[in-house]
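So that you can see what the record holds, here are the features copied from Swiss-Prot:
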BINDING   GLU18, GLU51, HIS54, GLU127  Fe cation 1 binding site
BINDING   GLU51, GLU94, GLU127, HIS130  Fe cation 2 binding site
BINDING   MET52  heme b binding site
DOMAIN    1-145  domain 'Ferritin-like diiron'
Amino acid sequence: MQGDPEVIEFLNEQLTAELTAINQYFLHAKLQDHKGWTKLAKYTRAESFDEMRHAEVLTDRILLLDGLPNYQRLFHVRVGQSVTEMFQADREVELEAIDRLRRGIEVMRAKHDITSANVFEAILADEEHHIDYLETQLDLIEKLGESLYLSTVIEQTQPDPSGPGSL
């Protein structure tokens, strides 16, 4: 099915954003895990996987419209060093995505591609949920301070008795 070139470009632009977010969130999850913020790392890793699902849906839609998914470009990956910087960087990605998705929905509806608009609306709902989470975490950091906040995202685990060195 031949799709509109402008719609396909919006789909590809959002695909680029999702591929970038996958990398950024996955790296942040690894940094968080390395720093011992294991509960936070699990959440961030899950967000990376959510972005992967978005990329899959966008890829399928682009292919259905006889377009070529562009996996060769990425936007700038913003890497935070502190938890606050990570949340701020991730918030920027989400704000940009929300703006792009809203613009895309308008174009898709104007071109009568309701299915692509529905795909963007579903992704938009997920991104709005994620930005709400990020803003809540940033508010908590502002109220509690970064050190106290971090004490809430550490998960103490017991050593695995069947781990290395066991028989």
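Just so you know, glycine gets a Cβ as well, placed from its N, Cα and C.
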Around GLU127 (Fe cation 1 binding site), how many other C-beta atoms are within 10 angstroms of its C-beta?
25
Measure from the CA atom of MET52 (heme b binding site) to the CA atom of GLU94 (Fe cation 2 binding site) and give the result in Å, rounded to a whole number.
15
Same chain, not part of GLU18, GLU51, HIS54, GLU127: whose C-beta falls within 8 angstroms of the C-beta centre of the Fe cation 1 site? Give them in sequence order.
GLN14, ALA17, ALA21, ILE22, ASP50, ARG53, ALA55, ALA97, ILE123, ASP126
Using the Cβ center of GLU51, GLU94, GLU127, HIS130 as the Fe cation 2 site position, which other residues in that chain lie within 8 Å, going by their Cβ?
ALA21, GLU47, ASP50, ASP90, VAL93, ALA97, ASP126, HIS129, ILE131
For a three-state summary based on DSSP, what are the helix, strand and coil counts in the domain 'Ferritin-like diiron' (1-145)?
116 helix, 0 strand, 29 coil
Give the distance between the Cα atoms of HIS130 (Fe cation 2 binding site) and GLU51 (Fe cation 1 binding site), rounded to the nearest whole Å.
11
